[in-house]
Amino acid sequence: MPVELSNKCACFIPLCPLVASCSTGSLSFFLPKATRSLRRLCAASNTFSLITAMLVSLVLFRQQAATHSIQQYLWARIPRGDVCLKIGFLIDPLTLTTSILVTTVGVSVMVYSDSYMCHDQGYARFYAYLSLFAASMLGLVFSPNLIQIYVFWELVGMCSYLLIGFWFARSSAANACQKAFVTNRIGDFGLLLGVSGVYWITGSFEIFELCDRFIELNSNGFINPIFANTVALLLFLGPVAKSAQFPLHVWLPDAMEGPTPISALIHAATMVAAGIFFIARIFNLISILPPTMYTISWVGGVTTLSGAMLAVAQKDLKRGLAYSTMSQLGYMVPASGIGASQSALFHLITHAYSKALPFLGSGSVIHSMEKVVGYSPTRSQNMFFMGGLRKRMPITGTTSLLGTPSLCGIPPLSCFWSKDQIITESWLHSPYLGLTASTTAGLTAFYTSRIYLLTFEGNFRANQMNYIGFDNLFPSENIITPWGGAQPESLATRTSSSVAPIKDMERNRVAETRNPARPPGGKPICEKAIQINSEPNLLYPQESNFCMALPLIILSIPTIFAGLAGVDPTQKVTGLDLLFDWLISLPSFAEANKNFENLTEILMSSTPSLSLSPTGLLISFKVYGQTNKLVNMKVFEESKLKNKNLLNTFLFSTRDWSINRGYIDYYYNIYFTRGLISISELVLHFDQWIIDGFINGTGASNLFGGESLRRGKSGRISHYLLGFVIGIILSVSIILSVSSFPIPPLP
């Protein structure tokens, strides 16, 4: 018998992780010693609470799919006059689908974090933050009105601040969480103004009620079109910051300073997904405003292309994936702007699983690399230190090999189906938008496969890097240029007599045996000494343990099959899923053959957009397919100077533009940060010299007058009599002098 639950049980979905977070946080605050001894129990309780929420979501989704009902449960909280603020929860397909996404990815991240954070002193605190993050996102998903959405919206931002800056002792992490917090405050202020404007127009905060009333008032001409579009764009400003859309995307790459499980959760199912969810929730309101829809579509289009171009030459593994998230979110926003909100939500789901898989895989790689190259992010996250890891980390490498073609848009993996729908809709709506989406698809295949090839293929390069010396490596890569082009040369000019120190003593010992001191008067050790990679005392990354490998295996399943759930094999709107149809038609060869023919027809119609992804893959493999040869940057720079043709100039300009983040942070620092600092200094001086000066001057004059009066009041009668006599004499003298002047007669 299948389990049946009342829809009122939906309140337990955000409540379970919230209770677990409060319990763990309270225990850590009041009983820190007991928490350290019960840390694994705290982690288990938080994980079990989110598993409970996931099971409830799955059961309610099954019931809702059978009934197709939309239910809303509200309780009046502030009934006073005409204002009645209600709290409650809303159950519809969008809510339950997003809830399943958040809980499934959240459970995978929690299981993964048990091993990734096991040596961290803030282990229990980390799980308390994780549960609060999941509870905030689930509360936002189930909110039926804008006020409740805004409250949980701010809670999501607060949790991201805590988790990005989890290692706050590092200045980079502290700066990153502050940057994310301040950038999101810009969008949140716009969202607050938009919520106020919607209430001014409709007189309601309830989602369905205000959308219907807004449509009715707009159709009857009672709303000023300029004011209506302004309010809608202010509402959209919140998702621009939360989902890292241009130009408020600058916080997303710096958010990689947090632990890698948090990066996976933020980029897959929580913070960035909140903006796309909010656009889908108010889609009925913004869909009747063409200027707003046009703006949304092109903001997303610019974000899509710029994110892909910023990712093509990144050295940091997590930062490359971060810009990939920015680009893929850009696909979802223009899809909503052209009216294809279902395709945007479809891509949100397929991308979430496909992106959580490489992010957790990158965490597995970084966790293993730290034992070899040290605990500096500039070393453990640098892809040029990696290579050949698929042989030494087979589970991580194989699962990443599944996630990479999915993000590239290769059928039959998940992201292909959703991305193809968006590209098709973009071409039908605007050729320029379609060209942007198609070009981005080719760039996505290039940089995604580049990340995989540099990380998992070729030979392991960290030992060679340590031999060369870390200081000589940056800012120019000695192993391979950002565009590839392996150019072998002797390392005589690059060899150092000592190796950059590694933190653990064993690595130092290995480095010393690997790089002996130069004999007096001898020549530098040549390339042949570096190619001895079979020595038993060399360190290599090893596969992560079961707790980190299991989520990778589980997430690979929806990465392969989730996209099939949104494809209609009959080319009609029947509501049947391709995967389900295949499972039902397995006993019947005729039905299976028919569905296969329909699938072939779908793929044939997708040939134009599909051709770009293999092109990007081939270019990436041509450039980065052989990463085991060393590159001499002097030869590279000379060839750069000699071959100044248009293509090379464009490639190097694009590389520099990508490495420097498009110079956007630079101009923000000049025009916004420094401008605000200058204005703040002017305000400070005005406050110190004008406001404080007036107040301090008034106080000083009163003090001086009081002191003068106090000195004059000595208490001696003789002094008072002397002053009285002097006053009388002066008064009489003045009267006599005045009376001595003749008074002119009156006319």
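Keep in mind that glycine also has a Cβ here, set from the backbone N, Cα and C atoms.
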- Task: Quick one: sort out which of 87-112, 321-346 is the transmembrane segment according to TrEMBL.
- Result: 87-112
- For which of the residue intervals 181-202, 577-598 does TrEMBL record transmembrane segment? 181-202
- Message: Using Cβ atoms and a strict cutoff of less than 8 Å, what residues sit near the transmembrane segment (720-743) while being 6 or more residues removed from its termini?
- Response: none
- Query: Who are the chain neighbours of the transmembrane segment (181-202) in space, where the CB to CB distance is under 8 Å and they lie at least 6 residues beyond its ends?
  - Reply: 146-147, 150, 153-154, 157, 160-161, 209-210, 213-214, 217, 223, 227-228, 230-242, 248, 250-251, 285
- DSSP residue counts for the domain 'NADH-Ubiquinone oxidoreductase (complex I) chain 5 N-terminal' (79-127), split into helix, strand and coil: 29 helix, 11 strand, 9 coil
- Item | Cβ-Cβ under 8 Å with the transmembrane segment (87-112): same-chain residues at least 6 beyond its ends | 7, 10-11, 13, 17, 43, 46-47, 50-51, 53-54, 57-58, 60-61, 64-65, 69-75, 77, 127, 130, 134, 137-138, 141-144, 148, 207, 261-262, 264-265, 268-270, 273, 277, 280-281, 345, 348-349, 352-353, 356, 360, 363, 547-548, 550-551, 554-555, 558
